[in-house]
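Let me begin by presenting the structure, written as structure tokens, before commenting on it.
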Amino acid sequence: MVLPSSVSQWAALIALLCAGLANAHTVITYPGYRGNNLHTNGTVEQSNGLGQAEVNGSVIFPYGMEWMYPCGGMPTTTNRTKWPVGGGAIAIQPGWFQGHQTALIYINLGLGTIPPNMSHPMVPPFQITGPTNDPYPGTICLPQVPLPANTSVKPGDHATIQVIETAKHGAALYNCVDIEFAEPSEVEEVTRDNCFNSSIISFGEVFTTTSLTSAAAPKSSLMSVLPVYMVALLSWAMM
């Protein structure tokens, strides 16, 4: 499908990347994200190998902010986005940094205004494959991400959605959006403009097997990836 929005928007983002203002990684385009954490500054030597350090009264992130658990170096926001009490859409741009032609995506939920952890998986992890190992445009969207199992919320409750993208070398990028649960009628409408899947990005399943020589995947393995297939089918149906 044709990528929505203008090419000029992507060009502007690439310009920021090249200017050194952003050594970018992952962006949650719907329902939004905590804030601009696409920053890389300072050197590894200045931080003594740490992901964050204070130098001359300023905080540096030599590897980039998004490598920092749990939300890419961004604090909790008071400007929360409304999200449906029964679950809703999540759209991501995964190709903002080199090394992400293949990646695993995790989507978790943390409950409360300032969640003590992000230990509630919303969907099984899934793989994406992009067109190149260099930065690339494109969006993926899951139109109906459910609440974690055995989770009950009501309108007005606070939570944080965490998106993790693990690169092929195992390093993880973190991004979050702080939400307030609301009735669907109070939530920004999901459309083909804010929730779509770019044709240059494909999905892959993640499953376990007891034998690499088996001619067919075990039934339990197939059942374990069924939720991902269902979400992917819903996604492509919206294209």
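In case you wondered, yes, glycine gets a Cβ from its N, Cα and C as well.
Swiss-Prot lists His25 with the feature Cu(2+) binding site, giving similarity to another entry as the kind of evidence.
Per Swiss-Prot, N-linked glycosylation site is recorded for Asn41 (among others). In the three-state DSSP scheme, Asn41 (N-linked glycosylation site) falls into the strand class.
Listed in sequence order, there are no same-chain residues at least 6 apart in sequence whose CB falls under 8 Å from the CB of Asn56 (N-linked glycosylation site). Under the heading N-linked glycosylation site, Swiss-Prot lists Asn56 (among others), citing sequence analysis as support.
Among the features that Swiss-Prot reports, disulfide bond is placed at Cys71-Cys176 (among others). The number of other CB atoms found within 10 A of the CB of Cys71 (disulfide bond), across every protein chain shown, is 27. Under the three-state DSSP scheme, Cys71 (disulfide bond) falls in the coil class.
Neighbour list (Asn79 (N-linked glycosylation site), Cβ cut-off 8 Å, at least 6 residues apart, same chain): Asp178. Positions annotated as N-linked glycosylation site by Swiss-Prot: Asn79 (among others).
Less than 8 angstroms from the CB of Asn117 (N-linked glycosylation site) sit Pro70, Gly110, each of them six or more residues away in the same chain. Per Swiss-Prot, N-linked glycosylation site is recorded for Asn117 (among others), and the stated evidence type is sequence analysis.
Every protein chain considered, the tally of other Cβ atoms within 10 Å of the Cβ of Cys195 (disulfide bond) stands at 23. Feature annotation from Swiss-Prot assigns disulfide bond to Cys141-Cys195 (among others); the stated evidence is similarity to another entry.
Its own atom aside, the Cβ of Asn150 (N-linked glycosylation site) has 6 Cβ atoms within 10 angstroms in the protein chains shown. Secondary structure at Asn150 (N-linked glycosylation site), taken from DSSP and collapsed to helix, strand or coil, is coil. Swiss-Prot lists Asn150 (among others) with the feature N-linked glycosylation site.
Of all the Cβ atoms in the protein chains shown, 22 others lie within 10 Å of the Cβ of Asn197 (N-linked glycosylation site). Sequence annotations record features per position, and here Swiss-Prot assigns N-linked glycosylation site to Asn197 (among others).
Swiss-Prot lists Ser214 with the feature GPI-anchor amidated serine, giving sequence analysis as the kind of evidence.
Taking every protein chain shown into account, Cys141, Cys176 are the disulfide-bonded residues, and of these the Cβ with the most other Cβ atoms within 10 Å belongs to Cys176. Within the same chain, residues at least six positions away from Asn41 (N-linked glycosylation site) with a Cβ under 8 Å of its Cβ are Ile60, Phe61, Pro62. Taking the Cα of Cys176 (disulfide bond) as the reference point, the closest of the recorded positions Cys141, Asn150, Cys195, Asn197 is Cys141.
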